[in-house]
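Among the features that Swiss-Prot reports, transmembrane segment is placed at 9-29, 277-297, 301-321, 324-344, 372-394, 404-426, 460-480, 579-599, 605-625, 631-651, 682-702, 706-726.
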Amino acid sequence: MLYFSRWKSALIWLAVLVSLIIASPNFFSRETLENLPDFLPKKQVSLGLDLSGGSRLILQVQNAGKTDLETTANIMRQRLEELGYGNPVVEGEGRNQIRVEVPGLYDAQLLKDILTIRGNLSFRAMDDTMSPDDAIRGTPPADSEIVYSFDDPPVGYLLKKTPILTGHDITDAKASISADDGQPVITLTLDDNGRRRLADLTAQGNENSFAIVVDNQVVSAPTVSGPLDTSELQIEGAFDLQAANNMAVVLRSGALPQAVTVLEERTIASALGEDYASAAVLAALLAALVVGLFMVLSYGILGVIALVALVVNIVILTAVLSLIGASISLASIAGLVLTIGLAVDAHILIYERVREDRRKGYSVVQAMESGFYRALSTIVDANLTTLIAALVLFLLGSGTVHGFALTVAIGIGTTLFTTLTFTRLLIAQWVRTAKPKEVPKRRLKLVPTVTHIPFMRLQFVTLGISVLACAIVVALFVNIGFNYGIDFRGGSMVELQARNGDANLEDINERLAELNIDSARVLPAKSPRSALVIIGSQEVGDDAEQTVAVKLRGEFEQDYSFQRVDVVGPTVSEQLSRAGVLAVILSLIGIFIYVWFRFRWQLALGAVLSTLHDVVILSGMFIVFRMEFNLWSVAAILTIIGYSLNDTVVIYDRVRENLRRYKSAPLPAIIDASINQTLSRTLLTSFVTFLAHVPLYAFGGSEIRMFALALSVGIIVASYSSIFIAAPLLVQFGLKPRETDAGDAVDAELAQSLNLES
């Protein structure tokens, strides 16, 4: 019913108003928000690292249990907060990994230095029974060992293995400038127990009676001529004030319980992030504008209502992201564009049903009511299949792909709400106020209103072509394979920007050769000032990838700024590869189960096979054109899985409906009629979704551009497969009407489309 009681209408408008209030801070500057009353919301959706700039690390905690992982994360968070890096993201991932994101910090090496130092502090007594040189050349005493200093070259000290003091005896550590010589020092504050032990150690009267050791390296070996009965002790060493402050914070926060290894490093400069942000916002706005204009031209006042609902959809989506504290990234923008496509698809389904029922002789009000009612199950099924792919991607994906999956999942919820309640409310108010005598005519036609195309006559041709194409792709995969990006093969990718003039690609190549870095490629970037350096996996462990990153900084930092740094070790690349394959498999399994539950096994199997066809063909595009296959490629494939199922479910839903009504009709005729009845929706939705991705391709970054291109091709392939693969497979699988189905009389239009009457 189009009727809404007052309280239902009030609740819907209240939900929209509350969402607008929650989302409103995102449309104002921070300075404007500061001047608003305190009772108004001021929380904004934060920008992700790819839009704001910053650094991201994936760290592996060795031999970590749950307690060690939590303790390590807390210590890392404390270190970053004390150093002034506000609101860092420090979260556990999996069984033994920690993800760290710090907006505004562009020196990833500094971040690694802060977080990978264990901070094991000890005071160790000197062993004067033999000289360090003799111990190095020979064998040190059983209870002693040689420990080297931070100096260059390092100096060896013969120290007792058992510490006199440890970090547990330290209550505070602060960096300052010495009043004596103006050099940076670290002042340690000891507790009472530590003070007594230090006094006992130095009471022996031996000069150089102890050394201060951090992570098994001597940082200071003070000369002591008498007992030290003090709670404060200064460490002097070869470090500047920043290094001293970093060390003080490390000592103050406590030692990490286990050693930490860097598995993945990603850094993006603020200027590049701002460029990405501007381009992403422009792409999203243009996508919404193009889609909205198309809907208005196609459906008149109903298109205007769809456009208003789309704006409300985006507002509610923004409000939810604000409430849960999510950040907006390039991936989120891509998810937003996909949400726009899903929302428009739902409206097209309803409006095409309305027009179909109006042609059958229904009144405008009856057609509106019937359109919403009959499109409901199709909309829900189509969106839930996409939701399955999004949830799998969220659970198995990593990094920015999480943002895409989260945005799509939330967007599906907001799309269902706005389409099935808010749009319906607006149409009800329009019908009640304007009392229209006719459904608005379509001003823009891509396909005829009614078609009678005999698709099933081509079933063997199309199935044969598709089988042959899939076989060719499989052969190419076996013999050539994907052009894997660093996400799946490991390695480094660095975007350099010349500090003066243009980037000299030849010079960069020569300098890389001098560094003895294997498998390095230098490519031109979007600007003549920039160059892209891609280095393959070193295949000797995660530390080797980090060594390459250090070499690059040391060689090029004076002449080039590092706009972007991505370093992925073999451990992470293997995990991402497994997760990518598993994500596709689980998506197909989940969708098969859902479609089987909602329909029948023939339809479930047909849907999965046609979707698998789309995955294979889309993969073939990556292989043939040697497009880089990375996490974005997996996201594109999973999105197309959802979109393909969306298309297929719409046709299958109509097949199911016609089978129930006309169980005596030949199955090929029913399938032909079902495809023709939904053809305008299929082509309109494909065209609108394709339009939505054009701005994303035009203005997105390189990865987003590849993603948009893959989706655009995937949309075409998915539309083809839903008509020429999924539908004919139902005949091959012997689909029949259920015995309990009751047939209705065949009206003239359906009889003509079913070819049951001449």
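Any Cβ shown, glycine's included, is placed from N, Cα and C.
Spatially, the transmembrane segment (324-344) is adjacent to the transmembrane segment (631-651); three or more Cβ-Cβ distances between them are under 8 Å for residues at least 6 apart in sequence. Within its own chain, the transmembrane segment (277-297) has Cβ neighbours under 8 Å at 47, 51-52, 303-304, 306-307, 310-311, 314, 330, 333, 336-337, 340-341, 344, 347, 443-444, 687-688, 691-696, 698-701, 704, counting only residues six or more beyond its boundaries. Long-range neighbours of the transmembrane segment (631-651) within the same chain, counting only residues 6 or more positions beyond its ends whose Cβ lies under 8 Å from a Cβ of the stretch, are 331, 334, 338, 341-342, 345, 349, 378, 381-383, 385-390, 392-393, 397-401, 404-405, 408, 485, 487, 576, 580, 583-584, 587-588, 591, 595, 606-607, 610-611, 614-615, 618-619, 622, 674-675, 678, 681-682, 685-686, 689, 703-704, 706-707, 710-711, 714-715, 717-719, 721-723, 726-727.
Simply put, out of 9-29, 372-394, 460-480, 579-599, 682-702, 9-29 has the most Cβ pairs sitting under 8 Å from the transmembrane segment (301-321). Tertiary proximity for the transmembrane segment (706-726) is limited to same-chain residues at least six positions away from its ends with a CB under 8 Å from its CB atoms, namely 334, 338, 455, 458-459, 462-463, 466, 606-607, 609-611, 613-614, 617-618, 621-622, 627-628, 632-633, 635-637, 639-640, 643-644, 647-648, 650-652, 675, 679, 682-683, 686, 689-690, 693-694, 696-697, 700. The transmembrane segment (605-625) shares the most Cβ pairs under 8 Å with 460-480, out of the stretches 404-426, 460-480, 579-599, 682-702.
Using a Cβ-Cβ cut-off under 8 Å and counting only residues 6 or more beyond its ends in the same chain, the transmembrane segment (404-426) has close neighbours at 2, 4, 9, 12, 15-16, 305-306, 308-310, 312-313, 316-317, 320-321, 326, 331-332, 334-336, 338-339, 342-343, 346-347, 350, 372, 376, 379-380, 383-384, 386-387, 390-391, 393-394, 397, 635, 639.
If you look at the transmembrane segment (460-480), the same-chain residues 6 or more away from its ends with a CB under 8 A from one of its CBs are 613, 616-617, 619-620, 623-624, 721, 724-725, 728-729, 732.
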